[in-house]
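One structure below.
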């Protein structure tokens with residue numbers, strides 16, 4: 001489904017991703033963790049070509065992402081992305097935010113787009129907010145709208161780039177609950193997060209990155225109880241003892 005082979009990424013002279021080899025299968029939940037500046041977000045953003053790779057090969061859903069001739073919009077239709085900041089249009093209602101892309105990009109009729117939007121608002125637990133504006137919602141509610149918006153395009157893959165890091169502690173749980181439910185339903189998910197409880201409970205595999213490299217890959221029970229890499233041990237001791 002997602003295949004990185006010897007992927008490198010530079011910003012000028014700065015080597016952000018170093019020889020990345022990673023395969024993510026359909027229906028798998030992969031959580032990427034590591035210290036700030038380790039390249040986690042860049043890696044995820046390469047999947048839908050928000051960032052371009054400098055060398056190597058990246059194949060997503062049988063499409064060579066680094067091929068200049070591909071229809072990038074076609075690729076992105078199959079990939080939902082949820083960022084740290086919700087990026088909702090402030091002048092549109094929740095419903096309008098969710099129906100915009102399906103109507104414009106997929107040419108779905110308005111009635112059907114609204115029904116789909118309501119279905120996903122129900123799924124994320126806020127159907128009563130359909131006619132509210134983003135400014136009337138809490139951060140957690142806005143992030144759940146952003147997830148519903150991503151799902152309304154019926155993607156094959158969902159990418160989450162630190163989806164809870166801008167939220168108040170009391171609203172983090174409601175967003176993680178939605179993500180847990182998605183994982184249970186078999187959505188292919190790539191998640192960058194500092195929420196170790198979520199990673200332990202939901203991930204099929206943990207990918208630990210540091211300084212642009214993947215240092216360790218393991219199932220969560222193995223990674224959290226017995227990490228092999230010294231750098232991973234230090235990271236976990238710092239993050240789990242706070």
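The backbone N, Cα and C atoms fix where each Cβ goes, glycine too.
If you check Swiss-Prot, you get these features:
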{"type": "DOMAIN", "residues": "2-236", "note": "domain 'ABC transporter'"}
{"type": "BINDING", "residues": "34, 35, 36, 37, 38, 39, 40, 41", "note": "ATP binding site"}
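What Swiss-Prot annotates, mapped onto the structure for a quick look.
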residue : record           : Cβ contacts under 8 Å, 6 or more apart
34      : ATP binding site : 40, 208, 209, 210, 215, 235
35      : ATP binding site : 210, 235
36      : ATP binding site : none
37      : ATP binding site : 211
38      : ATP binding site : 209, 210, 211, 212
39      : ATP binding site : 9, 16, 17, 18, 209, 211, 212, 213
41      : ATP binding site : 161, 162, 192
Rounded mean pLDDT for the residues that make up the domain 'ABC transporter' (2-236):
96
Number of Cβ atoms other than its own within 10 Å, given for residue 40 (ATP binding site):
27
Three-class DSSP secondary structure - residue 35 (ATP binding site):
coil
